[in-house]
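Annotated compositional bias 'Basic and acidic residues' per TrEMBL: 121-130, 137-159, in sequence order. Annotation source TrEMBL lists compositional bias 'Pro residues' at 173-188. Summarising the annotation, TrEMBL assigns domain 'Translation initiation factor IF-2 N-terminal' to 1-47. Taken from TrEMBL, the feature domain 'Initiation factor 2 associated' applies to 66-103. The region 'Disordered' feature in TrEMBL is assigned to 121-188.
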Amino acid sequence: MSEVTVGSLAKVLGMPVEKLLEQLAGAGMSFSGPDQVVSSTEKMKLLGFLRRTHGKDEKAAEAGAPKKITLQRRKQEELTVSAGKSKSTVTVEVRQKRTYVKRDVVEEPVTDERAEALRKLEESKARNEAELAAIAESDRKRQLEREAEEAARRNEEAARAAAGDAPSEPEPEPVATPAPAPASAPEA
């Protein structure tokens, strides 16, 4: 791995060494001269600091990065196959294709789906509570109407009883009894 010094990094970036040293100091790294070695993590730290100070967040940098990487590997081997008395060499090529996806990219749709499901569940609960409240209200109104009708009927019966219009027990009507048959003269 080639070592990058502060001076060579300044030359690659096309800026004076003093300005690069100031920026490194602003990022929280202390470099005393142009001959010191800058590691790749220090370069990334400087890049993050410069992006934050100039108004770009790190999310924008991640947005430009690839979200999935596909690796294709090929491995060649030679096998010797004996066919009777002669041997022949066969070249075998094994191809592997593997795709890696960043985890946060995979989890975002799940959280969106979960949030949507939770929102729908809350809406359903609110709708059910409203329906139950409406049913309870209608039951309460029906009960009040029944009680009012019952009270009105009792008041009406009490008023009739007080006025004497309607006796509490109906009097039995007299039943006509047949008159006894006239006695006929005895036959002799």
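Numbering starts at 1 and runs along the chain as it is shown here.
Just so you know, glycine gets a Cβ as well, placed from its N, Cα and C.
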Tell me the residue counts in helix, strand and coil for the compositional bias 'Basic and acidic residues' (121-130), as DSSP assigns them.
10 helix, 0 strand, 0 coil
What average pLDDT is reported by the model for the domain 'Initiation factor 2 associated' (66-103)?
89
